[in-house]
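As structure tokens, the structure follows; a few thoughts come after it.
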Amino acid sequence: MTEPLFSDDDEEFDRPRLAAHGPVRVRVPAKINLHLHVGPTRPDGFHELTTVYHAIGLYDEITARRGDTLTLTMEGEGTGHLSLGEDNLVIRAARALAAETGHDPHARLHLKKQIPIAAGLAGGSADAAAALVACDQLWGTGLSRDDLAGIAATLGSDIPFLVLGGTALGTGRGELVSPILTGGHAWHWVLAVAEEGLSTPTVYRTFDELGAQSEAGPPDGLLAALRQKDPDVLAAHLANDLQAAALHLRPELRGVLDAGLDAGALAALVSGSGPTCVFLAEDARHAALLAADLEASDCCRAVRTAVGPVPGARVL
Ligand code: C5P
């Protein structure tokens, strides 16, 4: 990262520097992509991205306690299928932070999951970001948020964004993030969560196989729309190059997008690699009406409303 993301005098990031003795609770949001341009495949197999990340108020929570080893427990829908071992991103994040700081990787971590799994909402990445922030606090490593974002980048493309939060431009493979200041406007979203998740690598592979040209150009129009704070203008500028691949793998998502538009959504798009569909609403009341309509249409497993932008992983 070339420029610091976090200024030292930013209150949001003012945290005690001493190791915590009691439990540390960290809350971390889900993300959607307001704009996702997928470029060519790089020699390392990743795709060059230009994306606008947006953190929304749908949260997972990690509690970190002192322990003699590194352990992970979980609660929440679908967590029974997730690994609790060394391949779990939470464990990998704690070990990466320990390796970087020379600290013993000892903590008892508990994850309370609400962000749907394999949904295109970066839930796994969010948990890794939360683990970094929680262990940093528990161990009193005193790393800066930029240092944490640097470790995050080694673990996954969108983890640095989940440390940052808000609305941000992502480049490289998505790990290079710079904040976009949107002047405090709250956007209202409705999410339609599918029964079954989609694998991100499979969606990227399908994107390549379809050989589709990128439809999302540079995000200039979107950035201007965010500044205008007019949802009708923003609606015209949401774009996701992975949507065609997600629809190819799950044709029924077309019906979900249409159900939202029929119910009056200002815009509908697949979130990241899917299969969650995201709808833009006028305001909180419109979002609630839209959510009720979508629920009644029975087009998906669950419907959620969420406001964005919200901060990234934070100690509570
Ligand atoms: O970085 P992360 O582990 O989240 O990426 C998951 C998968 O998504 C990668 O293994 C790759 O298949 C795909 N991906 C990609 N290009 C990116 C980001 C992710 O091809 N920029």
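Every residue gets a Cβ built from N, Cα and C, even glycine.
Caution: TrEMBL annotation is automatic and unverified by curators.
Per TrEMBL, the features are:
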- Lys31: active site (ACT_SITE)
- Asp158: active site (ACT_SITE)
- Pro116, Ile117, Ala118, Ala119, Gly120, Leu121, Ala122, Gly123, Gly124, Ser125, Ala126: ATP binding site (BINDING)
- 88-166: domain 'GHMP kinase N-terminal' (DOMAIN)
- 223-294: domain 'GHMP kinase C-terminal' (DOMAIN)
Asp158 (active site) CB neighbourhood, other CB atoms within 10 A: 26
Across the domain 'GHMP kinase N-terminal' (88-166), average pLDDT on the 0 to 100 scale: 97
Number of Cβ atoms other than its own within 10 Å, given for Lys31 (active site): 33
Which same-chain residues, if any, lie at least 6 apart from Gly120 (ATP binding site) yet have Cβ under 8 Å of it: Ile32, Leu198, Thr200, Ala246, Val270, Ser271, Gly272, Ser273, Gly274, Pro275, Thr276
Tertiary neighbours of Ala118 (ATP binding site) (same chain, Cβ under 8 Å, six or more apart): Gly197, Leu198, Ser199, Thr200
Cβ neighbour count (within 10 Å, all chains shown) around Ala122 (ATP binding site): 30
Shell of the ATP site beyond Pro116, Ile117, Ala118, Ala119, Gly120, Leu121, Ala122, Gly123, Gly124, Ser125, Ala126, same chain only (C-beta within 8 angstroms of their C-beta centre): Ala30, Ile115
Local Cβ density at Ala126 (ATP binding site) - other Cβ atoms counted within 10 Å: 31
Pro116 (ATP binding site) to Lys31 (active site) - Cα separation in whole Å: 11
Between Asp158 (active site) and Gly124 (ATP binding site): CA-CA distance (Å): 10
Helix, strand or coil at Lys31 (active site) [DSSP, three-state]: strand
DSSP-derived structure type at Gly124 (ATP binding site), helix or strand or else coil: helix
Structural state census, the domain 'GHMP kinase C-terminal' (223-294) (DSSP three-state): 39 helix, 11 strand, 22 coil
Separation of alpha carbons, Lys31 (active site) and Asp158 (active site) (Å): 9
